[in-house]
Each structure stands twice: as C-alpha cells, then as structure tokens.
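Participant: Please read through the structure below; I'll follow up with questions.
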Amino acid sequence: MANQALIPVVVNGAAGKMGREVIKAVSQASDMTLVGAVDHNPEYNGKDVGEVAGLSEPLEIPITDQLEPTLVLATQERQLGVMVDFTHPSTVYDNIRAAIAYGIRPVVGTTGLSVAQIQDLAEFADKASTGCLLVPNFSIGMVLLQEAAVRASQYFDHVEIIELHHNQKADAPSGTAIQTAQMLAEMGKTYNRTTVEETEKLPGARGSVADEGIRIHSVRLPGLIAHQEVIFGAPGQIYTLRHDTSDRACYMPGVLLAIRKVLQLKSLVYGLEKLL
Ligand SMILES: NC(=O)C1=CN([C@@H]2O[C@H](COP(=O)(O)OP(=O)(O)OC[C@H]3O[C@@H](n4cnc5c(N)ncnc54)[C@H](OP(=O)(O)O)[C@@H]3O)[C@@H](O)[C@H]2O)C=CC1
Ligand SMILES: O=C(O)C1=N[C@H](C(=O)O)C[C@H](O)C1
C-alpha cells in the first residue's frame with residue numbers, strides 16, 4: 001500500500017493497559033501509521049512507545065504528555081487522522097473536543113461520560129461534520145450478548161445485570177452495563193415490578209436502578225479483567241447470558257474496525273453494533 005493511503009493514528013493513554021494493546025495492533029495494521037503516543041503518566045514520558053508496549057523493536061515514537069501538539073502532527077499527514085482514546089473518565093470529554101477541534105476523528109473506548117456530555121459531543125461533532133465513535137465495549141462477544149439480551153427481553157419481564165471488573169477500574173457501573181440497560185429499556189417496557197415491599201438493610205444491597213427498573217450490580221476484584229452477566233428470570237426458569245474476557249487483545253479487531261469506519265462518518269455514533 002502506498003504511504004499516503006495510511007491512516008494516521010494518535011493513541012491517547014498509550015502506556016495504559018488498553019493503550020499498549022492498541023499500540024501493538026495499530027503498528028501491525030498495514031493500512032495505518034502511528035504518528036503519536038500520549039500519556040500523562042510521568043514514568044513513561046520520553047520512553048519509546050514500542051518498548052513500553054512490549055514490542056521487540058522500538059517504534060521511534062517517544063511518549064509525550066502533550067495531546068494538542070500531537071494532534072497537530074496528525075493534521076500534517078495527507079490522510080484524515082484518528083485519535084484513539086483509552087484514558088480516564090475525568091479527561092475523555094476534553095480530549096474528544098480537542099480532537100474534533102483539530103479535525104481529528106476520535107475513536108473512544110474510555111467510559112464514564114455522562115448522558116449530557118455525550119449529547120454535547122454529538123452536537124459538537126455534528127456542527128464540525130466530523131465522525132466520532134464512542135464504543136463502550138469493542139468485543140464482538142459483548143455485541144452478541146447484547147443482541148441476545150434484547151431478544152430475551154421480549155419474553156422476560158425481570159432482569160438484573162452483574163458486571164465484574166478488575167479493581168483498578170475508576171467508574172461504576174461499567175459503560176457496557178449502562179449501555180446494555182439502555183438497550184433493554186428501549187424495548188419499551190418496565191422490568192422488575194415488585195410484589196413485596198423491599199427493605200435494604202445495607203444501602204446498595206439491591207444494586208443501582210437504571211432506566212425502566214433494570215438493576216445493575218458492580219463487583220471489583222483483583223484477578224478479574226472484564227465480565228458481565230445478564231440474568232433473566234420468570235416463574236420456573238432463569239436465563240443467563242455471560243461474557244468473559246481473558247485478554248485485552250479481544251478488543252483489538254473492534255478498535256481497528258472503528259478506526260477504519262470513523263473516517264466515513266460525519267457525526268457521532270455510539271456503539272460497535274452500529275458498525276457491523
Ligand atoms: N471500550 C472498551 O472496549 C474498553 C474500555 N475500557 C476503558 O478504557 C479506559 C482505560 O482503561 P485501561 O487501559 O484499563 O486504564 P489504564 O489506567 O490502564 O490506562 C489509562 C492510561 O491513560 C493515562 N491517562 C490518564 N489520564 C490521562 C490524560 N489526561 N492524558 C493522557 N493520558 C492519561 C493513565 O495514566 P495514569 O496511570 O498516570 O493515570 C494510563 O496510563 C477506561 O475508561 C476503561 O473503562 C477498557 C477496556 C475496554
Ligand atoms: O475498565 C475496563 O476494563 C472495561 N471497561 C469498559 C466498560 O466500562 O464497560 C469495557 C469493558 O468492560 C472493560
């Protein structure tokens with residue numbers, strides 16, 4: 001492939017658990033070129049991102065803590081650029097706005113954005129006619145689980161979601177659990193109508209209540225990566241859908257697909273399922 005056809009990619013959060021996987025995946029993709037790696041962890045500032053990601057060869061790209069100058073680098077390429085963001089809920093909103101302001105397409109895995117923030121970003125992307133992808137979960141297994149859950153919701157009126165993650169996770173509930181509950185809520189029914197008066201002897205014992213009565217429970221433990229159960233109940237039966245990750249490589253086909261697809265968009269799109 002001729003050099004000018006390569007998609008320039010900036011990875012934000014490059015030294016993190018997901019960022020390192022993205023560095024490996026992008027550097028091995030024949031239609032992409034890594035132009036910058038950003039991370040605010042001072043331990044990695046100036047270090048070669050290939051070495052930090054565990055590649056056998058350096059990529060000759062030092063990690064910087066300066067996002068905007070790195071976005072500018074991506075604007076100097078002949079192809080439209082993409083920023084992949086796996087950082088932190090506290091910074092992702094500003095990162096997305098900065099990328100759009102520079103005409104760089106955001107592909108965002110970072111969770112924890114509020115509904116109001118997503119709405120605001122959608123308007124911003126719309127006005128700039130710039131594609132932006134927000135994907136709470138890049139694994140195909142989760143897309144399939146969510147599809148099955150939506151189908152099951154036609155037949156079950158009771159459902160609870162349990163999400164289980166490593167204990168370094170900043171936000172709860174997970175973005176995936178929130179999205180799953182939204183999908184079930186959009187089916188236009190109210191779930192979990194109670195037949196008895198419940199008392200929580202310890203606040204939170206019954207989890208949090210999302211739209212349409214759907215309950216979400218969050219577990220955080222070392223030893224976990226990312227897992228989700230959607231449990232449907234009806235008299236005499238339980239239907240359980242479960243997804244487990246054992247390696248963050250599971251997200252990479254979805255991330256690469258999103259990088260390719262975001263270039264064709266002119267507005268904000270939420271969810272990997274919209275790309276399949
Ligand atoms: N959509 C999906 O499929 C998935 C989404 N995620 C989400 O992605 C996000 C990142 O997850 P994960 O990789 O596990 O987290 P990590 O903490 O391992 O990595 C995040 C990295 O970003 C850095 N960082 C934090 N703030 C900034 C900033 N302002 N600018 C630049 N870098 C910053 C962190 O530095 P420091 O350590 O110093 O804070 C860290 O190196 C989370 O929101 C998580 O929920 C995770 C897996 C899959
Ligand atoms: O923090 C994580 O690890 C994950 N976060 C995303 C979420 O909040 O849904 C996706 C996946 O669950 C892994």
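Glycine too: its Cβ is placed from the backbone N, Cα and C atoms.
Because TrEMBL annotations are produced automatically, they should be read as predictions rather than curated entries.
Pulled these from TrEMBL:
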| type | residues | note |
| --- | --- | --- |
| DOMAIN | 7-138 | domain 'Dihydrodipicolinate reductase N-terminal' |
| BINDING | Gly13, Ala14, Ala15, Gly16, Lys17, Met18, Gly109, Thr110, Thr111, Val135, Pro136, Asn137, Phe138 | NAD(+) binding site |
| ACT_SITE | His165 | active site, proton donor/acceptor |
| BINDING | His166, Gly175, Thr176 | (S)-2,3,4,5-tetrahydrodipicolinate binding site |
| ACT_SITE | Lys169 | active site, proton donor |
Participant: Kindly point out which of the recorded positions His165, His166, Thr176 have a C-beta less than 6 Å from some atom of ligand 1.
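Facilitator: If the test is a Cβ under 6 Å from any atom of ligand 1, the answer is none.
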Participant: What kind of secondary structure is Gly13 (NAD(+) binding site) part of, going by DSSP in three states?
Facilitator: coil
Participant: Using the Cβ center of His166, Gly175, Thr176 as the (S)-2,3,4,5-tetrahydrodipicolinate site position, which other residues in that chain lie within 8 Å, going by their Cβ?
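Facilitator: Near the (S)-2,3,4,5-tetrahydrodipicolinate site, the remaining chain residues are Thr111, Pro136, Asn137, Glu163, His165, Lys169, Asp171, Ser174, Ala177, Ala226, Gln228.
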Participant: Filter the recorded positions Gly13, Ala15, Lys169 down to the ones within 10 angstroms of Thr176 ((S)-2,3,4,5-tetrahydrodipicolinate binding site), Cα to Cα, kept in sequence order.
Facilitator: none
Participant: Long-range neighbours only, meaning 6 or more apart in sequence with Cβ under 8 Å: which ones does Gly109 (NAD(+) binding site) have?
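Facilitator: Correct list: Met18, Val84, Asp85, Phe86, Val135, Pro136, Phe138, Tyr251, Val255.
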Participant: Relative to the Cα of His166 ((S)-2,3,4,5-tetrahydrodipicolinate binding site), which of the binding-site residues Gly13, Ala15, Lys17, Thr111 has the closest Cα?
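Facilitator: Spatially nearest to His166 ((S)-2,3,4,5-tetrahydrodipicolinate binding site) by Cα position is Lys17.
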